[in-house]
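Here is the structure we will look at.
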Amino acid sequence: MELKIDTHSHTYASGHAYSTLIENARSAKENGLAMFCTTDHAESMPGAPHYWFFANQRVLPRFLEGVAILRGVEANILNTEGEIDLPLSVDPNLDWAIASFHEPVFAPSNKEAHTQALLNVIQGGRIDALGHLGNPHFDFDFHAVLHCAKEHNVAIEINNSTLKGHSRVGSVERCYEIARVGKALGVYFTTGSDAHFCQDVGKLDLASELLDSVGIDSHRVITHSPSQFLDFLELRGRGPIDELASLRQ
């Protein structure tokens, strides 16, 4: 499947990534993207930036190297109440918000606790996608969470880095099963490289392979085209981004 948007990438601001935004944009261009989301870790992760970093993304240009930039965050799920580590005041300055479990922030617990946290973060209405759900340390009720995501128009991320099998070990088959459940329920899918070095931005080959293998319709993959992605943002209640209107053509 052709994928034109990468919705999960990091700069050195995350504390354990190694490239600048401009370097990421250059790689995005080289890898054929139309746009990408910059989504550094929110402040509860060791080494991550203060929330002012995210609030100030309004100063970023809408295009670098001819590639559109979406202003985003990878927020941490903090607890079973589904709270995330970003003040509400930052939300208007963002185009895209992922919520993910990370072991240094949310200690792995049990299936019921993880499920409740995910349901609550979806229902909280602040996040657009759930990140790298395949991690076996954070088992959850696939059907309950994906059904809730479908009802609230929250996208399910297919994470290319996870599918390499080197991080979050044990995730790959779970990612395929999550995709199969999501297909049956009709959820929206997004795709992210989870790049921590610039050369990986836009490398979504394993995510594409999974989507094709499971038989996901491209109409349910919001990263298949810029117009689909921008339509999804508006479905989520985010205002139109005038500078990106030309990408709908």
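Glycine is no exception: its Cβ is also placed from the backbone N, Cα and C atoms.
Per Swiss-Prot, the feature Zn(2+) 1 binding site maps to H8, H10, E74, D194; the stated evidence is sequence analysis. Counting every protein chain shown, the Cβ of D194 (Zn(2+) 1 binding site) has 27 other Cβ atoms within 10 Å.
According to Swiss-Prot, the Zn(2+) 2 binding site annotation covers H16, H41, H196. In this view, H41 (Zn(2+) 2 binding site) is surrounded by 25 other Cβ atoms within 10 Å of its Cβ, with every protein chain counted.
Taken residue by residue with DSSP, H132 (Zn(2+) 3 binding site) is part of neither helix nor strand, so it is coil. Taken from Swiss-Prot, the feature Zn(2+) 3 binding site applies to E74, H102, H132, supported by sequence analysis.
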Worksheet item: Within 10 Å of the Cβ of H8 (Zn(2+) 1 binding site), how many other Cβ atoms are there?
Response: 29
Worksheet, complete the sentence: Checking the binding-site residues H10, H16, H132, H196 for other Cβ atoms within 10 Å of each Cβ, the smallest tally belongs to H16
Worksheet item: Restricting the comparison to the binding-site residues H8, H10, E74, H196, which residue's C-alpha is spatially nearest the C-alpha of H102 (Zn(2+) 3 binding site)?
Response: E74
Discussion item. I need the neighbours of the Zn(2+) 3 site defined by E74, H102, H132. Which other residues of that chain put their C-beta within 8 angstroms of the C-beta centroid, in sequence order?
Written reply: H41, N76, I98, S100, F101, G131, D194
